[in-house]
Amino acid sequence: MAYELIGITVLWIFLYGYLIVASIDFGAGFFAYYAKITKKNHLINKLISRYLSPVWEVTNVFFVFFFVGLVGFFPDSAYYFGQTLLVPGSIAIVLIAIRGSFYAFENYGSKQSSVYLFLYGATGLLIPASLSTALTISEGGFIEETSEGVHLLTGALLKSPYSWSVVFLAIVSVLYISSAFLSFYAHRADDRGALDLVRKYALFWSSPTIIASLTTFIAMSQHNQEHFNRMMELWWVFGLSVGFFMIAIFLIYQGKYYGWAFIAVMFQFLTAFFGYGASHLPYLLYPYVTLSEGVVNDAMGLALVIAFIAGLFLLIPSLVLLMRMFLFDADYVKGKK
Amino acid sequence: MFELDNVLLSRLLTSLTLGFHIIFATIGVGVPLMISIAEFMGIKKKDPNYTLLARRWTRGFIILVAVGVVTGTAIGLQLSLLWPSFMQVAGNVISLPLFLETFAFFFEAIFLGAYLYTWDRFKNPIYHWLLSIPVVIGAGMSAFFITTVNAFMNTPQGFEFKDGALVNVEPLVAMFNPATPTKVFHVLSTAHLTSAAILAAITAFYIIRNKNSDYHKKALKLTVGSIFIFALLTAVAGDLSAKFLAHEQPEKLAVAEWHFETEEGADLILFGHLNEENEVENALRLPNALSFLATGDFNGKVVGLDQFPEDEIAPFWVHYMFDLMVLIGFYSLGVSLLYLIVAKIKKWNENNKLLLWLIFLNGPLAMLAIEFGWIYAEVGRQPWILRGYMKVAEGATTSPNVGWMLLLFILLYTVLGIGVITVLRKLFKNNPAESELERHYPDFKTEGEER
């Protein structure tokens, strides 16, 4: 059986899940800080904290799942990424650690301070930037393999237009996804003041998102022609993505179906993310690790797949319970519970 | 410091993260059960003192869990960043429990979120208590899975090395290796012991500070009683672990006991020091006790360090780690037993200052024992990262900048450590239990009078 395909699909779904839930969280942090300095925090900060409080830990686990799964399904990639990502990886860990713990300190501990809000806002933008490095180096050209081992070419990474376009795309997508979700949440909570504000954010961040996507396409054609060509073969997937983008913006602009609008946003990123992922193959890390050669042995592959299915039977009902309690319980969302 | 080589720097950074993480991980594994017990007693006895205990413990717990989560994420990533070659092998053979641990943790996180925000949401409080069960199970399962990975590093099995490639991998055999049962038992019993010890220490401290209400007395009885039970279990676990080591990993026991010559009727050496000829001086010797510890027979044969090549023996100083760990374990057992005896005898007062101080000391000591125990477990395995297959030096990263990362993480853990202490102090200082009891349960006083 093709464990490599099952494995990469599972991992990619988790990474997509992280992309969505973490973007909501990261962007919310930035908006909370921005609202504070523009003196509009009374409008949205309560809304943000009601959503974030019960789910922040869950967000983190999506990420852990992805990298633990990567080590399990594709041990070779663990070696290459581990060797090269020491610095960006460590920076990401530190940012995640500061964000997570200071969130808990403030939320469960004492009242809000602006230092905390600043950290919370800043880390929300820096984490996606540092994590996106992993995707950037997977395109090849930033790694050198010598007799001493594998090393990252930091200079090349910092000078590459492709690398910066990915960072830019990561940051604006975070703000766009987050504001689209918060519009939906504010609408559900019947909070007009908050809704007006976050809806404006969503409309504002939509155009940079689509511009950054195009820029990344262009930079990709310069950086890794092969991958670009494979992406062009899947042009219809990216076309669908643009279609979902237009639906989302239309619905948010109309100001009615915010739930459907957010679902369109999710599909916009689902199609783009899987289009990117599918065209990335057969390479996991160009040109060192391919899907079929880097995959784990069959026995472990089977064990992981069984574990994964068993785990889903446990997790999906639990997640549904959590969502019913906090996300779709109208009274809770409105702050009555 | 940048003249240090990568292997040493990687080891330092890993020990730093693990040493910091284990404090929060231990509390994360042990405290949910204490909370669950307290809440259950509150419901059964209809006594809001216990319910409030569960509420206040939860409030402190969630902050410590947050640090546990982020440092756990850190060590998870750091393993790949600092030990890429090791993780390449580990990914092939032992990634199943790593993967399962994430599931267990996910499960725990979901229900912890639900537990935290639903205290007054159910008409029947037993539903809220039921939410604590998956948290307790998730915490225990996380500990179980991750401990099997550590056990695997000590007694690897379930694979073969052929021409530099890993073949015939059996994930379950690797997971249930010989070290797994005793190690899991030891980790779980000590996590519960230490958590109860920390909670008891906090309570004792409040009573010393003249907070002598029913709330605190009940808390002390519950926590010290738990210490006693878990200390007994820990003693059993420790004994089984020693017998396991003697059988499967004799060099690790021998180095901890400074047992050089293979012999029958071996003495147990407590503390002391080694002279230049590696002879033990100034130590307390318990005749034949090592044989008994290792085999259950005072004349049993115990394998010594003479059976192993010199470059495969861990540093001798782990002896002190081992002795301190065991000593503290017995201290916990002794202090909790003393409290229970004094409490049983009506004429004596179990809340006297000296006893309270002893219980207070037991908290930090128990956490130190966890640190000593893990230092022994890890350094005692040296030079191996995967015993018999891969040495630590072969597993480390060759990328530059490990030294800078070490500095970065020292800074991070300092900030987190200070943050945790400040927040916890603030949280409880201005909010004493007595006033909270009145706020949450205003009817309780009158009910009490009727009874």
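From the backbone N, Cα and C atoms, a Cβ is placed for every residue, glycine too.
TrEMBL lists B:20-40 (among others) with the feature transmembrane segment. Tertiary neighbourhood of the transmembrane segment (B:20-40): same-chain residues 50-51, 53-54, 57-58, 61, 64-65, 67-68, 71-72, 74-75, 125, 128-129, 132-133, 135-136, 139-140, 142-143, 187-188, 190-196, 198-199, 222-223, 226, 367, 370-371, 374, 413, 416-417, selected by CB-CB distance under 8 Å and a gap of 6+ residues from either end.
The transmembrane segment annotation in TrEMBL covers B:61-82 (among others).
Within its own chain, the transmembrane segment (B:94-117) has Cβ neighbours under 8 Å at 58, 62, 65, 69, 72, 128, 131-132, 134-135, 137-139, 141-142, 144-146, 148-149, 152, 171-172, 174-175, counting only residues six or more beyond its boundaries. Look at TrEMBL and you will find B:94-117 (among others) tagged as transmembrane segment.
Taking Cβ pairs closer than 8 Å, the transmembrane segment (B:129-153) reaches residues 25, 28-30, 32-33, 35-36, 39-40, 43, 90, 93-94, 97-98, 100-101, 104-105, 107-112, 114-115, 118, 174-180, 183-184, 187-188, 191, 377, 381, 384-387 in its own chain, all 6 or more past its ends. Here TrEMBL flags B:129-153 (among others) as transmembrane segment.
Proximity of distant same-chain residues to the transmembrane segment (B:184-207), defined by a Cβ-Cβ separation under 8 Å and at least 6 residues beyond the stretch ends, is recorded for 25-27, 29-31, 33-34, 57, 140, 143-144, 147-148, 151, 216-217, 219-220, 223-224, 226-227, 230-231, 233-234, 236-238, 240-241, 329, 332, 351, 356-357, 359-367, 369-370, 373, 433. What TrEMBL lists as transmembrane segment is B:184-207 (among others).
Sequence-remote contacts of a segment are chain residues at least 6 beyond its ends whose Cβ falls under 8 Å from one of its Cβ atoms, and for the transmembrane segment (B:219-238) they are 34, 37-38, 41, 49-50, 53, 182, 185-186, 189-190, 192-193, 196-197, 199-200, 203-204, 207, 326, 329-330, 332-333, 335-337, 339-340, 343, 350-351, 359, 362. Sequence annotations record features per position, and here TrEMBL assigns transmembrane segment to B:219-238 (among others).
Look at TrEMBL and you will find B:317-342 (among others) tagged as transmembrane segment. Within its own chain, the transmembrane segment (B:317-342) is flanked in space by residues 190, 193, 197, 224-225, 227-228, 231-232, 234-235, 238, 255-258, 269-271, 348-350, 352, 355, 358-359, 362, 365-366, 368-369, 372-373, 375-376, 379-380, which lie at least six positions past its ends and keep a Cβ under 8 Å from the stretch.
Note on the transmembrane segment (B:354-377): residues 15, 18-19, 22-23, 26, 150, 154, 186, 190-191, 193-194, 197-198, 200-202, 204-205, 207-208, 220, 224, 227, 256, 318, 321-322, 324-325, 328-329, 331-332, 335-336, 338-339, 342 of its chain, located 6 or more positions outside it, place their CB under 8 angstroms from a CB of the stretch. Annotated transmembrane segment per TrEMBL: B:354-377 (among others), in sequence order.
Beyond its flanks by at least six residues, the transmembrane segment (B:402-424) meets 1-2, 4, 6, 9-10, 12-13, 16-17, 20, 60, 63-64, 67, 70-71, 74, 82 of its own chain at Cβ-Cβ distances under 8 Å. What TrEMBL lists as transmembrane segment is B:402-424 (among others).
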